[in-house]
Structure formats: structure tokens, C-alpha cells
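Novice: Let me begin by handing over the structure; questions about it come next.
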């Protein structure tokens, strides 16, 4: 029997030393599930609400005891006795309990921790790994990693405006080989930075944050590192950017302080298009600000037929926001962050909507992570084809890569590495 007989939450720490919620679920047959909730540094205005205590005398206001209490009282009292295999029903019950459009009452961190722990317990009851339980027989695609190796913007103290510069080993034959390629590029880049007297300390997501003067200088350095590592930029290793443009958008303009320019939305679109023409950039995340819908339309019309344009702050893994974007022709890809929406069921609904509309999907971590590797399983379960989970440093990031390596091994001959086909209709 898969009835829930015990549900318990606790406050633990994430990779940035901030509190987060961890939930344990125990079923009648003894099956057990545990999930820890990630947290973002730069969050979209339309995300579900992460419940924090606000007590400045404890964890500088970032404690999550209110969310923990919500799990241990309100949520537990309601879910005890329910069948863990009825995931959608359980998620719906929690949404009804909360009763707000953005999970502000119980907190998305309380609801998500419970939702994922329930799924893990149900998978354990069936003797299945989470990826197989959620994805079924169609789950066999290993995602191409987007490896964040250079940081700027809000993730770094340097003049670079763009937040993340990533490499994608699209030419590898397997996930394990892709991870090896990424590691070799990462270490080659580290050596190159050191030889130039630049910092090789890593940020929240394991990427370097050197004092490089401009976006193009950063791209040139990465291109050189790819080549020195023995790979062909574009053909074997593609580039990807996360602009996090909302962070430097004000009064209708994009203020690129590092470039010393202020651009209109149309000029920003042209700026990004020029970068794509000069470098093998196949994917751009949040190229426009979350509420600059006209800018998103201009960017999509300009390069959306050849470059993956990923909506993070634009869509926040929310089906209603995504439906709006599909209707208006904004972007062509969905970034999937489970804590932006707050339940497994809603996450799967958003991915399904994106796929049906011909949008690609990218499973993603947050800057505040834990050793929990759930997103690796979900990337395979949903056939996302791409995963964004940091650099080749920090154990909280490597936990996801290592889990993907295990999943690829479990799948055996049925495993399929997405490769360049991860870009869907944009593949070339």
C-alpha cells in the first residue's frame, strides 16, 4: 500500500549557506522519499513565492521555519493517508490548501519539497528510479549539458554584463563523454586564466569570474580554451549565453555598463544578433527583460529561426505565462525550474505544453543548490534534451552530472544522447 503515513520537514542549508526546506515522506509499505528545495539568487517577478521568515536575528531573515511548520502541520495533516501514487491529486490538494495564485500562504518551497518527496517515495514503492517512474518507457534521452564556465552580471564582480557564458558539447557521442569534454575545457580555461594573472576562484555555480573587460573578450577567451582543449567551436562545442537582461533593464532601455552603452530593445536585439553572427552561439536565455514583450518579439522575429531563445524570467515555468508567449510568438524555448512553479505536476504540464508548441526545453538548477539531484532525473523523464546545472566544480553541481552518468549506465543500449538534435527544428 502506498498511503502516506509520515511527512516531516526540516531546515537545512543550501550551497550558498542559506536555509532551505528538506522534506521526508514515508509510505505504509516502508518506502521513503526525500527532497531538498533549491533557491535562486536572481528571481523573476512572476515566480511562485518562496516563504522566508524575515527574522533578521536568525539567518539574516532568510530562515525557512515558517515553510517547515507549514509542511509539518497544515500539509501533513491533510496528506496523511492519501495515496502517494496519485501525484496530481496530491499536488492539487496542496494548491487548494494554499489558495493563492503564487503559493504565498504555504510557500512554494514547502509545497515543492513535499511534491518531490512524494514522487520519490512512490517511485521507491514501485522499485523504480525517479526518472523511469515519472517518464515511463519513453524516458531514454540524455540531455546536452549547458556548462556555465564564465560568470558576469549579478553572479560576478567584473565589468561583464552578461550573467553566464556556457559551453554545450553537442558533438559528443554520450553524456559521459560530454561531461569529459566539459571538464577538459574547464581545466584548460582555468590554466589560461592563471597564465594571464586572472582570478580562478569560482562563483555560486562553479564558473570563473575573471576581471575580463567585455563580453567579446570573454567569448574570445572561451573560444581559445575550446580549441586548446582539442575541440572545434561550433561543430563539436556550441556556446550559450544567459543574459539575465531584466537585471540591467530600466526605463525602457538596456544599460550595458561594461560596454558603456544604453540600448533600445531593437538595438539590444541587434547587439545579440551580431554576437551570434560572430560566434557559434546556439542559445540565448533571457535576452530581453521579463516584461519587455515588445523586445522579446523583436528578438524572436530577428533570430528566432536560427537561435534557441530561452524564456526563464519571461515564463517562470508557468503554463499561463508560457501560453501567452506561444500565442504572441515570444521566444522558442522554456527554461524549466521546478521551484519557480512549485509542484511536480505543474512542471510536467509546462514541459508538455512547450513540447506540443514546438518549443525546446532546458531543465535547470538554481544558484542555491543542494546535493539533491532530482533535476537530473527529471531532465531524462521529460526528454528535455538539455540541462543547465552549472560548471565542473562544486559538489552541488557535480551531483547532477554524476547522476546523469548513472542514469545513462542504467539505460544501457537504450540510452540516447541528444547531441545537436537538442535544438529541435533549429538543429543544423
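From the backbone N, Cα and C atoms, a Cβ is placed for every residue, glycine too.
Reproduced below are the annotations present in Swiss-Prot:
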ACT_SITE  205  active site, proton donor
ACT_SITE  337  active site, proton acceptor
BINDING   163, 337, 366, 367, 388  (2R)-2-phosphoglycerate binding site
BINDING   242, 285, 312  Mg(2+) binding site
Novice: Run through the Cβ atoms and count how many others sit within 10 Å of the one on residue 366 ((2R)-2-phosphoglycerate binding site).
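Specialist: Neighbour count, Cβ to Cβ under the 10 Å cut-off: 26.
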Novice: With the cut-off set at 10 Å between Cβ atoms, which of these recorded positions ends up with the most neighbours? Options: 337, 388.
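Specialist: The largest 10 Å Cβ neighbour count belongs to 388.
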Novice: Whole-number Å distance between the CA of residue 312 (Mg(2+) binding site) and the CA of residue 367 ((2R)-2-phosphoglycerate binding site)?
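Specialist: Answer for this pair: 14 Å between alpha carbons.
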Novice: Out of these binding-site residues, 163, 367, which one has the fewest other C-beta atoms within 10 Å of its own C-beta?
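Specialist: Across 163, 367, these binding-site residues, the one with fewest Cβ atoms within 10 Å is 367.
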Novice: Write out the long-range same-chain contacts of residue 242 (Mg(2+) binding site), meaning residues 6 or more apart in sequence whose Cβ is under 8 Å from its Cβ.
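Specialist: Those within reach of residue 242 (Mg(2+) binding site), by Cβ under 8 Å and sequence separation of 6 or more, are 148, 162, 163, 164, 166, 284, 285, 286, 310, 312.
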Novice: Measuring Cα to Cα, tell me the gap between the residue listed as 'active site, proton acceptor' and residue 367 ((2R)-2-phosphoglycerate binding site) in whole angstrom.
Specialist: 11
Novice: Show, in sequence order, which residues other than 242, 285, 312 on the same chain lie with their Cβ within 8 Å of the centre of the Cβ atoms of the Mg(2+) site.
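Specialist: Along the chain, the qualifying residues are 163, 164, 241, 243, 244, 284, 286, 310, 313, 335, 388.
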